[in-house]
Amino acid sequence: MKIVADENLAFTDYFFSEFGDIQHKAGRTLTHTDVQDAEALLVRSVTAVNESLIQNTALKYVGSATIGTDHLDIQALEKQGITWANAAGCNAQAVAEYVITALLHLDASLLEQQEKFTLGIVGLGNVGKRLAYMAQLLGWKVIGFDPFVQLDSIENVSFQTLLQQANAVSIHVPLTKKGEHATYHLFDEKAFAALQPNTILINSARGPVVKEAALIEDIQRTQRKVVLDVFEHEPVISEELLNMLALATPHIAGYSLEGKARGTQMIYEAFCQKFGYDINKRFETQLPACEDYFSRHDLKAVLKQKISQIYDIAQDDANIRACVKEGKVEQKAFDLLRKNYPLRREWAAHGGPQA
């Protein structure tokens, strides 16, 4: 069997080498010719899996090691009779930890604020519910908005109420453009007008959920602290926007070693189910041991002392700013940052909690 895989997928050879010939390709530039005689295609979010890519091919299975599916033309896949799978929730823990790290980087005193600090979570799916749990471990008050999901453990509120009451807002929704609850440009001029000027905004979901022009106007007006891991016009990022952000990172919020490995394992399991193979591999067997920070110490004390050792978000911010050339970060530089990213470990690898 011929298997075409994005060259940046983790542990591809470990999970798939026994099934056939794996050809590693650059995901963003994948062509119909690359996949024409392949039976399986393994991708990330940078590959648009559409009708022009998959029609008249030997493909029987497409696996995307990602939470989202907006890069997959599901209708075209099903029309062609191609089984598809994604990895919903694979890096949810990593994203939740990213958000908390960003907040503590901006204001370390949040560790002491308990319920005086209100975190508003927009989207209560795989990431949102984990973030809520982790935030409550720190004593923060959590409010959430999701038209499709209610969490018993938090206060569920309207979108407008969340915008007005939260001290920080973190976005965790898929990108949708149709329907009553479309998320495209959910954060527009009207939403920014409802936010308190000192409310922190974090987007680690999908870039176009935030209308960039409205965001720029809002920061100019309020001097709001904004953290972006995703961008509306990604992979190209303007220097104008970058200079306004409190923190910027190159779409790596979910880039933990565990998250990457878990994503590949999830599409491996779906692959095995499709082709009738036994599922007998686990990513945990491939991960090196880490220093234990948490098990013998208080959670807040560890985060106060070790947070930048567990994940140095300031370095990621510096790296993306160093890529500015002629007024912008270009696609090649952005992709290289992601390709060469030194995968961090989740808190649990250091003996810490996980949701």
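From the backbone N, Cα and C atoms, a Cβ is placed for every residue, glycine too.
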Residue in D152, D229, D278 which Swiss-Prot records at the NAD(+) site where D146, G254 also bind: D229
Residue from S45, S109, S295 that Swiss-Prot also lists as binding substrate with T66, Y255: S45
Cα-to-Cα gap, S45 (substrate binding site) vs D229 (NAD(+) binding site), nearest whole Å: 14
Most crowded position, judged by CB atoms within 10 A, among D146, D229, E234 as recorded positions: D229
Residues satisfying Cβ distance under 8 Å from G254 (NAD(+) binding site), sequence separation of at least 6: I67, C90, N91, A92, A94, V95, Y98, S204
Which listed residue (S45, T66) has most other Cβ within 10 Å, given these are binding-site residues: T66
Other same-chain residues whose Cβ falls within 8 Å of the Cβ centroid of S45, T66, Y255, the recorded substrate site, in sequence order: R44, A65, I67, G68, N91, H251, G254, G263
From T66, R206, H251, Y255: recorded positions whose CA lies within 10 A of D229 (NAD(+) binding site): R206, H251
T66 (substrate binding site) to D146 (NAD(+) binding site) - Cα separation in whole Å: 21
